[in-house]
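Enquirer: Per TrEMBL, the features are:
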REGION    629-650  region 'Disordered'
TRANSMEM  29-51  transmembrane segment
TRANSMEM  212-233  transmembrane segment
TRANSMEM  240-261  transmembrane segment
TRANSMEM  281-302  transmembrane segment
TRANSMEM  323-344  transmembrane segment
TRANSMEM  377-408  transmembrane segment
TRANSMEM  531-552  transmembrane segment
TRANSMEM  558-576  transmembrane segment
Amino acid sequence: MPCSGAEYMVSAGAPREWRPQIYRKRTDTAWLFLFFLFWTGLVFIMGYSVVAGAAGRLIFGYDSFGNVCGKKNSPVEGAPLSGQDMTLKKHVFFMNSCNLEVKGVRLDRTALCVSSCPEEQLDSLEEVQLFANTSGSFLCVYSLNSFNYTHSPKADSLCPRLPVPPSKSFPLFNRCIPQTPECYSLFASVLINDVDTLHRILSGIMSGRDTVLGLCVLALALSLAVMFTFRFITTLLVHIFISLIILGLSFVCGVLWWLYYDYTNDLSIELDTERENMKCVLGFAIVSTVITAVLLVLIFVLRKRIKLTVELFQITNKAISSAPFLLFQPLWTFTILIFFWVLWVAVLLSLGTAGTAQVMEGGQVEYKPLSGIRYMWWYHLIGLFWTSEFILACQQMTIAGAVVTCYFNRSQNDPPDRPILSSLSILFFYHQGTVVKGSFLIPVVQIPRIIVMYMHNALKEQQHGALLRYLFRCCCGCFWCLDKYLLHLNQNAYTATAINGTDFCTSAKDAVKILSKNSSHLKSINCFGDFIIFLGKVLVVCFTVFGGLMAFNYNRAFQVWAVPLLLVAFFAYLVAHSFLSVFETVLHALFLCFTVDLETNDGSSEKPYFMDQEFLSFVKRSNKLNNVRAPQGKDSLRNEEGTELQAVVQ
């Protein structure tokens with residue numbers, strides 16, 4: 001509702017005023033309508049994928065002759081082995097799963113519907129015949145009777161290549177997946193048409209899957225421990241925390257260089273996997289050494305700000321204490337994202353199965369994609385980026401709104417009831433369009449960046465084009481910087497919208513203006529707070545990688561563990577970022593609320609600050625540290641432009 005009263009009116013020539021939680025209207029409704037239209041298109045694509053796509057083929061699987069496993073099928077014209085009753089044959093078995101080949105653009109493999117997967121290795125046709133007679137699961141082409149497995153001259157071409165590896169049915173989708181690491185990685189990598197690279201990656205992951213799972217659990221436990229440390233932070237804990245960072249980084253660097261030295265002096269190195277591990281260890285060692293040196297320099301330079309940073313985190317924790325369920329926001333956000341991503345992948349795969357049956361040589365059936373599917377894929381891809389950013393932006397807006405509600409509360413003894421629910425209701429009824437607009441800017445930068453990266457990688461195989469590769473690399477760097485700036489701008493714009501109730505562009509402009517005007521007060525302390533949060537993420541990654549180094553090194557000759565270790569490090573950083581992002585968002589929201597408080601009040605009895613005495617004393621100490629206190633004392637915090645507002649007593 002528009003505010004009333006002469007105290008909030010400014011002249012036409014005066015700057016627009018900040019009115020914390022007074023003015024509220026629906027913002028950026030046109031963008032909300034645009035997002036609704038966009039999602040109407042996505043719903044159409046979902047419906048089209050259900051109608052035109054073959055959900056049965058996707059979920060239950062199908063053989064090479066046009067039969068869907070687990071159901072009775074209709075015949076396909078020109079395919080004599082189609083139209084069979086597969087009600088009792090619910091599993092898809094891939095013949096020659098360890099010896100797949102690609103002919104042209106088509107995968108040369110034969111799939112059959114079977115009643116069960118062979119869980120033990122079959123070394124001869126006699127064993128294949130015995131398995132068929134005992135289990136009723138026929139592993140040769142349907143036209144060959146099981147009695148002729150050992151007698152027919154065509155058995156070599158109609159039966160799987162020996163030995164048949166042990167396999168188990170994949171959960172939900174009933175595919176027989178080979179269980180030996182080498183065969184599994186080759187099977188999966190050929191299906192994705194990247195035999196060389198993906199083979200080695202999947203081989204390492206499969207052979208060390210228990211270790212990878214254990215490291216992921218370790219990363220989760222470390223993230224919870226760091227979050228608990230930040231929740232009850234003290235100066236002693238920060239010093240212990242930084243000491244652990246220095247010790248961990250130094251130890252990891254030392255272990256990596258020792259492993260590289262051990263590899264170079266090991267005369268028994270003959271396997272390609274060992275050589276690749278040695279190269280990756282060298283790369284890890286160089287990168288970790290550079291990162292360690294940079295972080296140590298930054299810690300040394302900023303060491304004098306530790307005490308004030310601890311006080312800033314205590315103030316942040318005080319704000320979180322007013323709404324303790326803020327710490328659980330990443331959980332429901334992650335749950336919603338997982339649900340959306342699963343739905344997105346299901347629709348994508350359904351679009352991939354939308355096609356018309358085409359009979360190939362040998363009576364096999366393939367499905368030709370329908371025209372226009374590629375355009376739907378691109379539309380679907382944009383929907384992935386935009387909707388994901390929208391969900392993340394809703395979390396940022398919710399946290400910022402809860403912090404704003406608690407900050408701009410006059411009665412410290414009577415905190416607001418249910419600030420998170422209040423923030424969610426304001427977001428839902430007033431500011432969804434603002435979140436839609438802000439979240440749209442991110443994919444506008446990310447999608448061109450992905451295209452440029454793809455073009456850069458495509459040019460790597462060409463001998464000429466070094467200038468183009470350099471230009472593409474520069475473009476990637478520019479898009480990356482712009483992406484990071486927009487993420488920071490969006491966060492401040494959402495907080496400004498929660499405070500002032502204005503649209504996205506106005507909020508972003510006002511936030512940039514007021515932060516640049518008052519940046520001298522807490523900017524350096526706020527940056528060091530972000531740095532401490534980043535160190536928390538580094539601590540989680542550091543000890544997770546160290547555990548991985550110790551675990552993987554015991555079996556160095558049988559797996560390429562460098563890539564799985566890199567994936568584990570990425571997962572550790574992602575988990576740590578998810579848990580610690582709440583502190584980061586609250587910290588930035590408090591910073592903007594503080595600058596708005598300075599803009600609208602002067603600390604007098606008529607216009608007291610919203611901040612409590614603890615926050616005010618912290619501000620004064622930070623001003624002393626930065627040597628920015630003006631001769632007027634209190635008046636140094638007064639608004640320079642004079643457009644002050646009477647604070648609202650709640």
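Just so you know, glycine gets a Cβ as well, placed from its N, Cα and C.
Bear in mind that TrEMBL entries carry predicted annotations, made automatically and left uncurated.
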Enquirer: In terms of Cβ proximity under 8 Å, which residues at least six beyond the ends of the transmembrane segment (323-344) contact it?
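Expert: Residues 227, 231, 380, 383-384, 387-388, 391-392, 394-395, 398-399, 402-403, 406, 419-420, 578-579, 581-582, 586.
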Enquirer: How about the transmembrane segment (212-233) and the transmembrane segment (377-408): at least 3 CB pairs under 8 Å, pairs 6 or more apart in sequence, or not?
Expert: no
Enquirer: With a Cβ cut-off under 8 Å, give me the same-chain residues at least six positions beyond the ends of the transmembrane segment (377-408) that come close to it.
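Expert: Same-chain contacts beyond the flanks: 20-21, 35, 38-39, 41-42, 45, 319, 322-323, 326, 329-330, 333, 336-337, 340-341, 344, 347-348, 351, 415-416, 419-420, 422-424, 426-427, 431, 434-436, 438-440, 442-443, 446-447, 490-491, 494-495, 497-499, 582, 585-586, 589-590, 593, 597, 610-611, 648, 650.
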Enquirer: Who are the chain neighbours of the transmembrane segment (29-51) in space, where the CB to CB distance is under 8 Å and they lie at least 6 residues beyond its ends?
Expert: 347, 350-351, 354, 376, 379-380, 383, 386-387, 390, 432-434, 436-437, 440, 504
Enquirer: Where else in the chain does the transmembrane segment (240-261) make close Cβ contacts, counting only residues six or more beyond its ends and a cut-off under 8 Å?
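Expert: Beyond its ends, the transmembrane segment (240-261) has Cβ neighbours at 229, 278, 281-282, 284-285, 288-289, 291-292, 295-296, 299, 306, 532, 535-536, 538-539, 542-543, 545-546, 549-550, 553.
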